[in-house]
Each structure stands twice: as C-alpha cells, then as structure tokens.
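Okay, so here's the structure we're looking at.
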C-alpha cells in the first residue's frame, strides 16, 4: 500500500524552498506574541513592550536553540561548519531557545525597568502554546518520533489516518512523540491560563515557574521515548537531565519565594496599579 507522505516543503518562492517547519514555527511565535501583548495590556504594560522585546528575544532564542543543538551534535558539523547556519531543515533545540530568550529577557527588562517576573508570567502560557504548535513542524520534517511500533497500536490511539501514515519512517511505524508533547503542552497552556486568572492563588513569578514545572515534567518522560535525542555523555539524554534539574529547581524556588511575606499575588488590577504608579 502506498502511503501519502507529507512533503516537508510547503512551496517554492523564486526557486527557494519554503519549509512547513519554518511556517509552523513562525506561526506559533506570532500567536505567542499576540497573546502576550494582550496580557501585557491587562497587567498595565504596553503592547510595544512585548513587540520591542521580540527584537531582542527572537534572535537570541534562535541563536540559543541552534547553538544548543550544534553543541551536542558537533560531529555532524565539524567537517562542514557552514552547515551550522542552515536551519530550514530543523536542528533547533527548545531548551537552547529558552536559555537564549531568557537571557535576552533579563537584560531587556532591566533596561526597561520592568519586573522580570511579571514579564515571564505574561509570556509563559503563550510560550508553551507556541511549543505545542511548533511540534507539528517536527511532524512535517519527519523527526522527533519515538520507538518502533505497529500500525495497529497507532490505530488504537484513534489517530487520524494522515498522522498514522506519516509515522511510517523508512518502512517502520514509530510512536508520535511529537504529538504526545504537543498535547501535553496544550494542556499546560489551559492549566496555566486558568490558574493565572484565579485571584489570590499564584504569586508573582509562579505562572512562569508553573510552566517550568509542567513542561519539564512531561518532557522528561517523552524525551525517554525519542529516537533522536541529544546526548551529553554515555547514555545520558541532555533534555532529560536538564528537565530533571529544572523541575527540582522550580519547585525549590517556589517554596523559598513563598516564605517572603511581601511577595505579591499575580492579580491583574493590583499589578496594574503597581506598575503604572512606579
């Protein structure tokens, strides 16, 4: 039976291939920026604060994501380092993007005299939703898949036929780990938004820390299924190690910060008053 494999190239512009991976990633980023800008206005910041940050944050995130990937796949680039600059076929690591974007955000908020924790809280739900969307770029690139399985297993998950067909990689069916993470991230987005709206529940900074806890917990287990993991040394998967560290660190930070009686709740009206009068 011939399977209808998706084409990773969406179209060609003046002979230059434009990949679905890039289109999906950009779409996720655009949605994240729009959602973050709306939340920024609700807590007393300006839309331009979000848009201006993207001038810093997006390049930093892309560079961080690429350097992170290349650092652990150096053997693929050592003989032809010019390939480091070619990202249309993938090769971006989410954790590297978070590190690069996080550093840019720290310096940006300091430069603008904006609370770093507030900005992180604004962005966190949008970021995890963008990650959920971005995983479909992996699907279009036929990457980020799991161990070998059977078509019957995939059918038992009640997946659409186009997903099942495209989990056939080189004649072998694989588990759709991209989909597992995408669904996990969508659930995380819903949880974070609901908790963020709940008055007097989350303290400032805890939306972001909740994102770290949720994402790293799911990523730890999903990463264990992936066939294309980056390895630090021996059989230690980089993303699993980093997920474990971030999960524990985020919980510890929440506990320590909760001991501060002056720590404010993430409350839009109070936060708006505080920001606009400072």
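Placement of Cβ uses the backbone N, Cα and C atoms for every residue, glycine included.
Quantities reported herein were computed from a predicted structural model and do not represent experimental measurements.
Feature annotation from Swiss-Prot assigns transmembrane segment to 13-33, 50-70, 89-109, 175-195, 205-225, 236-256; the stated evidence is sequence analysis.
Among the recorded stretches 13-33, 50-70, 89-109, 175-195, 205-225, the one sharing the largest number of Cβ pairs closer than 8 Å with the transmembrane segment (236-256) is 205-225. Distant neighbours of the transmembrane segment (205-225): 117, 120-121, 123-125, 127-128, 131, 146-147, 175, 177, 180-181, 184-185, 188, 191-192, 195-196, 237, 239-240, 242-244, 246-247, 249-251, 253-254, 257, 266; these residues of the same chain sit at least 6 beyond its ends, with a Cβ under 8 Å from one of its Cβ atoms. Beyond the transmembrane segment (50-70), the same-chain residues lying 6 or more positions past its ends with a Cβ under 8 Å from any Cβ of the stretch are 29, 33, 36-37, 40, 77, 84, 87, 91-101, 103-105, 107-108, 112, 119, 122-123, 230.
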